[in-house]
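What TrEMBL says about this protein:
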{"type": "DOMAIN", "residues": "7-286", "note": "domain 'UvrD-like helicase ATP-binding'"}
{"type": "BINDING", "residues": "28, 29, 30, 31, 32, 33, 34, 35", "note": "ATP binding site"}
{"type": "DOMAIN", "residues": "287-547", "note": "domain 'UvrD-like helicase C-terminal'"}
{"type": "REGION", "residues": "626-655", "note": "region 'Disordered'"}
Ligand SMILES: Nc1ncnc2c1ncn2[C@@H]1O[C@H](COP(=O)(O)OP(=O)(O)OP(=O)(O)O)[C@@H](O)[C@H]1O
Ligand SMILES: [Mg+2]
């Protein structure tokens with residue numbers, strides 16, 4: 001056994017696997033076997049060190065990664081079923097289901113997904129008579145929660161007006177939103193981790209118990225842990241700190257969720273005595289792909305140098321296709337995939353923004369190539385699925401106002417907007433949850449019948465809510481005559497929708513109870529698709545591609561405005577994160593890598609000319625080949641290139657930046673300037689890329 005677990009590893013990996021107690025950091029480039037090392041280490045602890053599976057926790061970045069890891073371990077060791085392999089969110093939610101009451105949660109508490117969160121924010125805004133959009137406020141809340149700070153604290157750093165609201169107003173919205181969540185017995189996504197942290201920080205007994213369950217901790221993709229996740233990790237690790245963190249600072253791509261690659265850089269300070277293991281061989285990609293990727297990431301200034309050698313020599317050259325527009329690009333991708341032939345699940349198409357998937361989906365579909373969007377509008381976000389889930393959540397937790405509003409008149413039962421308006425008023429005037437207002441309405445309103453029916457239905461469902469999930473949904477479908485409603489409401493794609501309902505029943509059958517089922521849904525709704533994949537091309541954003549690998553990768557839209565994205569290109573930090581994102585995409589490829597950019601692309605509904613990404617221009621020409629299978633077309637003029645501006649600054653000059661406003665140059669060196677912007681602070685900018693002008 002010993003041999004089996006160790007012989008398929010290189011020396012550095014073996015050292016890491018043999019690491020026993022105390023903190024360890026495995027820091028290495030993409031495809032160097034970090035995740036594999038974690039898997040083997042877990043197996044080794046069990047097989048050779050006498051550690052019980054029930055003492056091991058492994059944290060992965062996605063549910064899918066957790067599933068894969070569990071599956072691999074099941075094949076390697078006995079007792080793997082008792083391992084705790086999950087994402088931070090799933091782990092935290094599990095703790096809250098057991099101990100939640102100790103931090104004030106009700107047993108049937110629900111988790112609001114992003115749509116629910118937005119719906120609730122809209123309500124709060126309406127209630128306060130404000131016309132602002134929920135988007136920016138949601139972003140603010142998420143950021144605060146990821147940092148583990150009260151939103152109030154973040155407000156202090158904001159300009160006087162944010163998202164169209166004054167600071168005072170914003171504070172009101174944030175408070176009211178928090179109250180509404182509590183009143184409805186709901187957590188939003190960010191709350192899950194915050195409550196878990198509060199639980200473990202505040203309750204020594206629970207902490208001791210959980211630590212026993214997590215004596216050996218592993219965290220994959222450590223570079224993308226948020227401050228709250230970091231604090232959870234540190235707390236769980238405790239004095240003993242049998243913690244193995246695994247990551248690659250060059251793949252940190254979640255700073256918008258307040259993840260901070262400092263976690264990795266400061267690991268040895270945070271966990272004194274930590275051993276550091278470096279893996280330097282890349283097993284995933286051919287040399288041609290790896291040389292390209294290494295050349296890209298080498299351009300980042302804010303990074304530690306690492307070595308990464310290809311184990312697989314040579315390989316197909318990296319190919320670049322210059323498309324006329326996005327349609328041409330999509331056609332190229334689809335036809336090239338057709339040329340390569342099946343199986344199509346060897347292929348992934350990666351892009352920067354969700355909106356880019358539509359043309360690609362169409363181009364593939366019209367050629368009969370199956371595709372699936374990983375992420376995007378997932379199964380659990382379909383209207384019919386959300387309706388049924390809302391009933392389930394409401395049955396468990398009548399306080400859940402968001403779900404109540406969703407199903408109150410779906411299928412239609414004569415409770416129109418005017419009635420809802422009246423009920424809302426009753427609720428507000430008497431300080432009641434909406435559900436209670438329904439009871440009042442069923443006595444007091446002129447046409448009480450529909451309300452009484454609805455209440456009776458919910459009573460019935462409430463009785464079933466703590467039983468098996470499938471039975472619950474079957475009863476629900478029948479009692480509401482839901483399929484008939486679908487037929488009425490969506491005659492054009494009835495089949496699809498009925499299929500989704502069937503799929504929901506299938507998924508429910510696999511779950512134990514309804515609560516467990518809903519938790520699972522809440523956690524997967526965000527990014528991932530239900531298992532089934534078949535021979536289909538995977539389409540996904542670069543963010544969703546993390547940790548995955550595919551024999552063939554198409555990375556599309558490698559152009560200015562998209563990659564780097566226009567929202568991030570104006571600061572050095574933003575630009576470097578975009579470069580890391582590009583690096584993540586490139587390093588997903590095992591054998592073939594295609595890049596493409598379009599010379600014209602629609603931006604906000606208008607067609608604009610687009611330039612190839614500066615990231616391409618930074619790479620020596622020998623590292624890739626231009627590729628055009630449609631050569632008969634007339635040649636096009638060469639694309640324009642950047643001209644670096646002369647180093648015009650020395651320090652002291654007054655300048656203006658389109659986003660940061662007026663500022664003063666503090667220091668300048670080569671292409672880089674550091675500028676102090678009034679009310680914003682210090683920013684390091686690249687002269688080549690930042691649109692900096694003399695004031
Ligand atoms: N010693 C080895 N021998 C053979 N194959 C290996 C070895 N180590 C890793 N691999 C293979 O290399 C590929 C990449 O490994 P893995 O996914 O663990 O890398 P990673 O460092 O986690 O990558 P990423 O940074 O993208 O998460 C996998 O297919 C893995 O099975
Ligand atoms: Mg990995």
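Using N, Cα and C of the backbone, Cβ positions are placed for all residues, glycine too.
Known features from TrEMBL, placed on the structure.
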residue	record	CB count, 10 Å
28	ATP binding site	26
29	ATP binding site	25
30	ATP binding site	24
31	ATP binding site	27
32	ATP binding site	28
33	ATP binding site	23
34	ATP binding site	24
35	ATP binding site	22
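Only 32, 35 of the binding-site residues listed as 29, 32, 35 bring a Cβ under 6 Å of any atom of ligand 1; the order follows the sequence. With respect to ligand 2, the binding-site residues 28, 31, 33, 34, 35 contribute 34, 35 as residues with a C-beta closer than 6 angstroms to one of its atoms, given in sequence order. Apart from 28, 29, 30, 31, 32, 33, 34, 35, the residues listed for ATP, the same chain places the Cβ atoms of 248, 279, 282, 284 within 8 Å of the centroid of those Cβ atoms.
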